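One structure is given below, encoded as structure tokens.
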């Protein structure tokens, strides 16, 4: 891939198109999700590591996804269980620090406990931080941040008058992480669907038609080349 000077520190991917991919291949709805976990995620992480990108985020399950049919939701939960047993271990061994965004405690306890365990175990890894947004919704994240803030105000840990953008950001799920420089949504839909409403105000957006199960490291490179062509003005 041709190298440019401006390179993203944080790339976030809204993983869309799994079910459409499964229908195209005459497979069950959960097959697309399973394929992504088994075949797609790890090569993308490897590519980000090779390029020196320090933060990579995947939106894997939204808070609205619970409304899907029960069989599909249960299938996705089983895929998460398998991923926590296999993929998380491989990522940890590569020096990946794992983080979870969203309300992980709403998942069955075996999933939430395993996820928290990998987060804790990998916290000293420094090669790359890979975050998975699970049971994540942007409005929900903001409401939870406001509730945390109010709790600190009520306990006199801090005064509202001292609130600024940096302090508010410390209450978000992404606390301590840079805002995403580039947000990729696979599958062709041109919207963020509430993803990181606070953090995405100056993010560059890229909407490839490629469905997530077909999104390869080469597609990732194309997104980065497009990002590097753009001039970021940050409102100036």
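Just so you know, glycine gets a Cβ as well, placed from its N, Cα and C.
Note that TrEMBL annotation is computational and uncurated.
Noted in TrEMBL for the protein shown:
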| type | residues | note |
| --- | --- | --- |
| ACT_SITE | 16 | active site |
| BINDING | 16, 204 | Mg(2+) binding site |
| BINDING | 17-21, 33, 62-64, 66, 68, 185, 191-193 | substrate binding site |
| ACT_SITE | 65 | active site, proton acceptor |
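Rounded to a whole number, the C-alpha distance linking residue 68 (substrate binding site) with residue 16 (active site) is 15 angstrom. Classification of residue 19 (substrate binding site) by DSSP places it within a helix.
Close to residue 204 (Mg(2+) binding site) in the fold, though at least 6 residues off in sequence, lie 8, 181, 182, 183, 227, 230, 232, each with a CB less than 8 Å from its CB. Using a 10 Å Cα-Cα cut-off from residue 65 (active site, proton acceptor), none of the recorded positions among 16, 17, 19, 21, 191, 193 qualify. Under a cutoff of 8 A between CB atoms, and with a sequence separation of 6+ in the same chain, the neighbours of residue 16 (active site) are 185, 186, 187, 189, 211, 212.
The Cβ of residue 193 (substrate binding site) lies under 8 Å from the Cβ of 14, 62, each of which sits 6+ residues away along the same chain. Within the set of recorded positions (62, 65), the lowest number of other Cβ atoms found within 10 Å of a Cβ is recorded at 65. Long-range Cβ neighbours of residue 64 (substrate binding site) (same chain, at least 6 residues apart, Cβ-Cβ under 8 Å): 137. Around residue 17 (substrate binding site), the C-beta neighbours below 8 angstroms that are at least 6 residues distant in the chain are 32, 186, 187, 188, 210, 211, 212, 213, 214.
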